[in-house]
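Taken from TrEMBL, the feature transmembrane segment applies to 24-44, 50-70, 77-95, 101-123, 130-149, 169-191, 220-243, 276-295.
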Amino acid sequence: MELTANGPRSRSPLIKLLKMRETGLIAIILVLCIGMSFASPYFLTWVNMRAMVMAFAVEGIVVVGMTILLISGGIDLSVGSVTALAMVIAGWLFLQGIDPWVASAISIVACTGIGAFMGYFVTRVGLHHFIVSLAVMVIARGACLLMTGGRPIGLFTLPPEFKFIGQGAIGPIPLVIIIFLIVVLTFDFMLRRTTAFRKVFYTGSNEKAAAYSGIRTKRVIFLTTTLCSALCGVAGIIYMARFGSAQPTFGLGMELNVIAAAVIGGASLNGGSGTIFGAILGTVLLSVVSSSLALLDVSVYWQDIIRGSILLAAVSIDHYLNKRRR
């Protein structure tokens, strides 16, 4: 069910289910999967399915943060750069002899601080999220290149117990998937069921009205901005453990994928609406599309055009739906 500040409308369960955006996304994903199973014998193989799941699981953690931020009325263009910076900070500290767990904790705190830095400029200085996050995107990427000299940091001596975060499994289930599910279920529950997170919807729907009703909207925006960067830090550490390296150019273009996934899933660029479940389905859809294009040997240049077209279509639909709501 799509949540808004105005609350859910009363409908019969069947009509409500059919009109949910999530239902349509599930149908599209199933149709794509069935079609690709005929188009390529490799699509439904264990190797390809595992690669898809691992890819969208870690990116999905960032999508959760972006979705909550979009609902509050904000946006963050720095997620790819901050995720890369999390890898680089932790990797660089590890090479200085610091325990990888301590290095990772410092890195996540640093990313959280970056989010707080952006939140301050948005809520106190009065700058727009777009401008602040664009500046931080460039700064963070520059910091990555400066700390590494533009070269990946090989972390060949990472202890096995640390690599287990990104490469290990509990039974048949990769630990990455378990971490992803914990993040998704936790924030989905909080967004749906807690009063504190309901303020996110009210703030994004009408910030002035929310402020008049007693909600500390600047605090809400500050916290959602900080949370988004913190989750980028978590994702960066998982990527580092998975690849066994810190790559300064990692995450280029990630912000477009993350925003597209959230918007496809129902998060409005105008704020006030969206669901975690829908955003994750958007992530799955983009992952299936990306895998399908690769298996069909579509040129990487065409893949960029197709992904950009999907983003444009999602934003256009969001704009149309917002006009209808008015």
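Using the three backbone atoms N, Cα and C, a Cβ is placed for every residue, glycine included.
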Check: Taking the transmembrane segment (77-95) as the reference, which of 24-44, 50-70, 101-123, 169-191, 276-295 gives the largest number of Cβ pairs under 8 angstroms?
Finding: 101-123
Next item on the list: May I ask you to check whether the transmembrane segment (50-70) and the transmembrane segment (169-191) make contact, with contact taken as at least three Cβ pairs under 8 Å and only pairs 6 or more apart in sequence counted?
Entry: yes
Note to self: Is it the case that the transmembrane segment (220-243) and the transmembrane segment (101-123) touch, counting contact as three or more CB pairs under 8 Å in which the residues of each pair are 6 or more positions apart?
What the structure shows: yes
